[in-house]
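Pulled these from Swiss-Prot:
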- D179: active site, proton acceptor (ACT_SITE)
- I62, G63, N64, G65, S66, F67, G68, V69, V70, K85: ATP binding site (BINDING)
- 56-339: domain 'Protein kinase' (DOMAIN)
- 1-42: region 'Disordered' (REGION)
- 400-467: region 'Disordered' (REGION)
Amino acid sequence: MSSKDQILEKDKKETDDNGNKKTTTTTSSSSSSSSSSKPRSNKFDKVIIKSNGVCYITEGVIGNGSFGVVTQAIVADTKEVVAIKKVLQDQRYKNRELQIMKMLNHINIVSLKNSFYTSDNDEVYLNLVLEYVPDTVYRVSRHYSMSKQPVPNIFVKLYIYQLCRSINYIHSLGICHRDIKPQNLLLDTSTSTLKLCDFGSAKILIKGETNVSYICSRHYRAPELIFGSTNYTTTIDVWSLGCVLAELLLGQPLFPGENGIDQLVEIIKVLGTPTKEQIHAMNPYYTSFKFPEIKANPWPRVFKAKDVPAESIDLISKILLYDPSSRLKPVEICAHPFFDELRDPKTCLPDGKPLPPLFNFTIAEQTSIGPKLAKTLIPSHAMNQIELPSPLFPNLAISSSNQSSSSNSNANVSSNLNSHSASPSTTSSSSSTPNSIPVQSPSTTNTTSSTTNNTTTTTTTTTTSNH
């Protein structure tokens, strides 16, 4: 089989390594897990869902994807707005998305509030009750693109920096997202807070264990996946991140391939033909090397039509590399000079509001930073924001008020003469459910996880709501 046939063949696969069969459905601009401030359907029958004593009133469909549907809903008692993602549950498998979501607690990751099962026509569905976030980076970027304006640099920096934090956090837990794209980056435009969503393709990668290569949305798919690698690492998320950064700067996808082979062609047009050594680094089992010799296109030329900061071009050149091991790590990306403006205490949003929380690093994040990077990543004015006890700064002590409550998003710290060294059990806690800083939303403290024995009832009301 030729190299072209090998790549095209992967576009025909219909199952993922969850064992789920992929189906083709109409996908909204916000994808299966993103949210919208307004439901997309003009008419929607309100449905009342009761689970574990909590009553949800669905308001409308806000997203459709290959694995399910997302509806906007209201918690009847509290009037809190949530998003409910409903996916078909294959009873032969545990739902990996639910198990992974239970592990996560980070300000830049959409939070899981509850989960329950429903049945319909002899099929079982898993319902994930998620934090509601009104917009996506995709829609914001498209708004600027349609207005023929670039996304302001301050927003590009904020979005990518927060995305790096979320990726660094999940990677510290061994989790690979495997579907980083603008549609999966939820955004609260009032605060510019970004939250990574849709962990339907996510997986804990184990060295020596094979994984499917047909994963990740095409325009953001790392070249090792196109070359059929089944032993890839979390660096595929870093490639996707670089593609998102380039897209925000260009106003369009950097590699707009129409199929597997065309995607590789688009990458080669920019990076040049990969060498045998680079192909071996991507997939040591790939044997066909029949590619036309094309020289790399210098990055400044790729962005020549745009007013793009030199630091951003330098950053992209260190991310979008064929050799996965040569790409910057997410935490190294955060420390890049491109983001120095965010570390300036005088920097604020264009409307004068303060920046969203950027330095409240969880213990899990800190274990991946290291003392050298910490000096760059955590400015002196933000030392009171990191989670304690800090493996980076053991001399920082938790005040008595914060010891009694772990719900504060910013730890109140003070200098202490008595050194508090982080114990091995503390620094290794990232391998289990992390003790991290919760999202600022008051509703976060109500987060619960239901069991498979949930009693759930569903009622469809006769009232039709117009949106």
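We count from 1, first residue shown onward.
Cβ coordinates come from backbone N, Cα and C, glycine included.
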How big is the Cα-to-Cα gap, in Å, between D179 (active site, proton acceptor) and V70 (ATP binding site)?
17
Looking at the recorded positions I62, N64, G68, V70, D179, which one has the fewest other Cβ atoms within 10 Å of its own Cβ?
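Selected from the recorded positions I62, N64, G68, V70, D179 on minimum Cβ neighbours within 10 Å: N64.
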Check the DSSP secondary structure of the residue listed as 'active site, proton acceptor', expressed as helix, strand or coil.
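DSSP assigns the residue listed as 'active site, proton acceptor' to coil.
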For the domain 'Protein kinase' (56-339), provide the mean pLDDT of the predicted model.
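Mean pLDDT across the domain 'Protein kinase' (56-339) comes out at 95.
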Under a three-state reading of DSSP, tell me whether I62 (ATP binding site) is helix, strand or coil.
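Its secondary structure by DSSP: strand.
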